[in-house]
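Feature list (source: Swiss-Prot):
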type	residues	note
DOMAIN	3-199	domain 'DPCK'
BINDING	11, 12, 13, 14, 15, 16	ATP binding site
């Protein structure tokens, strides 16, 4: 089974692209959805111990946690030290299940793929992109998003131009869904002929 790593900076259309891969019959692992799941289950005790007052009703309160880590690189590292091992276990379970199902290709949707060295764990990388103007417009339309919070998030992410340079495939979401569907079909055709290269 070939594993495609799907990534892209915030607001690029990565989640929509992931849904379109799933629509094409490809198993898709969603790292963000997995984070939400573990914030409601196994990560709660460790996060409350490391960041007191960030859980409510037995779940991690993302807004409270974000306020404690967004401007503190050391706190962010501590949080990643708690969450990343749990994510890796879920990720491996997904791959095992996808392989058992006989899927020829699987997609792992990981926002910080390059930033966390995740490109070594996939066979090819798909980077989702759009223009900086469209990106900013999409992000600032979200609830609880401010220009300052956006700048802090972007500062932690590899620049889009660098991601595109390191990609095997680039999906441009600037022109609507039909062009994205076509790009996905082309990627899946090319992926069928690629050798496996992950660690």
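Along the chain as shown, the residues are counted starting at 1.
Cβ coordinates are placed from backbone N, Cα and C, and glycine is handled just like the others.
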Based on DSSP, name the secondary structure state of residue 16 (ATP binding site): helix, strand or coil.
helix
Cβ-based isolation winner (fewest other Cβ atoms within 10 Å) among the binding-site residues 11, 12, 13, 15, 16:
16
List, in sequence order, the same-chain residues at least six positions removed whose CB sits under 8 Å from that of residue 14 (ATP binding site)?
6, 7, 8, 109, 111, 128
Can you give me the residues near the recorded ATP site, meaning same chain, not 11, 12, 13, 14, 15, 16 themselves, Cβ no more than 8 Å from the center of the site's Cβ atoms?
8, 17, 128, 130, 138, 173
Please report the three-state DSSP label of residue 11 (ATP binding site).
coil
